Amino acid sequence: MANSKYEYVKKFETDDRLPPSSWIVVRIDGCHFHQFSAEHAFEKPNDENALNLMNSCAVSMLEQFPDIVFAYGVSDEYSFIWKETTQFYQRRASKLLSLSVSYFTSVYVMKWKEFFPHKELKGPPYFDGRVVCYPRAKIVQDYLAWRQVDCHINNQYNTCFWMLVKSGKTQREAQELLKGTQAKDKNELLFQQFNVNYDKLPQMFRKGSCVYRKKVEEVVKLDDTGNPVTRTRSKVAVEHVDIIGPKFWSDLPYILEEE
Ligand SMILES: Nc1nc2c(ncn2[C@@H]2O[C@H](COP(=O)(O)OP(=O)(O)OP(=O)(O)O)[C@@H](O)[C@H]2O)c(=O)[nH]1
Ligand SMILES: [Mg+2]
């Protein structure tokens, strides 16, 4: 039905194509997860099953959208890095954002039972999202380092806070005790009062989770002389990386290489 008198309404649509040759970061974040986590009695400060569910959703994202090259998640948030040359939906911001948020949310609901077989999903989890473009791989690396530092700072604080509360302090008292403390004071507090070595807590809690394609060698068959014939394929994997820094990227140059 070309050229109806209503066609002019299309002129009001705006072009939201993101600039070419730049990495696209979509970060999604659980809406009101403070409440959602309380409603579903998540362990404080870290619920292993809830984090594994988030990670599993991120794996599904990379399997569904081949142009996502890397994802990093902590707490109720996940960042997805789309490769700089992606032409997916002509790089339209609204498409990339809405597809990411809706796909992640649907998978979260679908997989809920797998991670919480004995907990009913009491209300709809939902996520917001934002898109930011970065013109250099180095800035994407710094972006990820920023999220990981944030994870560390928040987790160290939350670990101390909930240890104090579980040991009988009120939330107000715990807050007061932690006011103005530095990282080393918090480590000391955990060790002195609770005999906890912060560095020994699970890496996933302290450092967040990375999802990316790993190159794995697999044996396809044995040749006539009985030697294995292998091929390399990529497999989406979850890793808990100590520092998402220069060493990490130099070991995996194919992830964020500029084309
Ligand atoms: N107990 C528990 N809570 C968690 C866990 N992961 C995330 N949360 C909760 O989720 C919140 C995430 O922080 P925010 O995103 O700032 O808070 P929010 O309530 O989701 O607020 P908006 O994102 O602004 O809607 C944390 O403050 C926790 O309350 C977890 O593993 N265990
Ligand atoms: Mg949130």
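Placement of Cβ uses the backbone N, Cα and C atoms for every residue, glycine included.
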Additional site residue, Asp76, Asp142, Asp150 [criterion: listed by TrEMBL with Asp29, Gly30 for Mg(2+) 1]: Asp76
DSSP-assigned states of the domain 'Thg1 C-terminal' (139-244) in counts, ordered helix, strand, coil: 56 helix, 26 strand, 24 coil
Environment of Asp29, Gly30, Asp76, the listed Mg(2+) 1 site - residues of the same chain whose CB lies within 8 A of the CB centroid: Ile28, Cys31, Phe33, Ser75, Glu77, Phe127, Asp128
Reduced DSSP assignment, Gly30 (Mg(2+) 1 binding site): strand
Among Asp29, Asp76, the most crowded of the binding-site residues [Cβ within 10 Å]: Asp76
Mean of pLDDT values spanning the domain 'Thg1 C-terminal' (139-244): 96
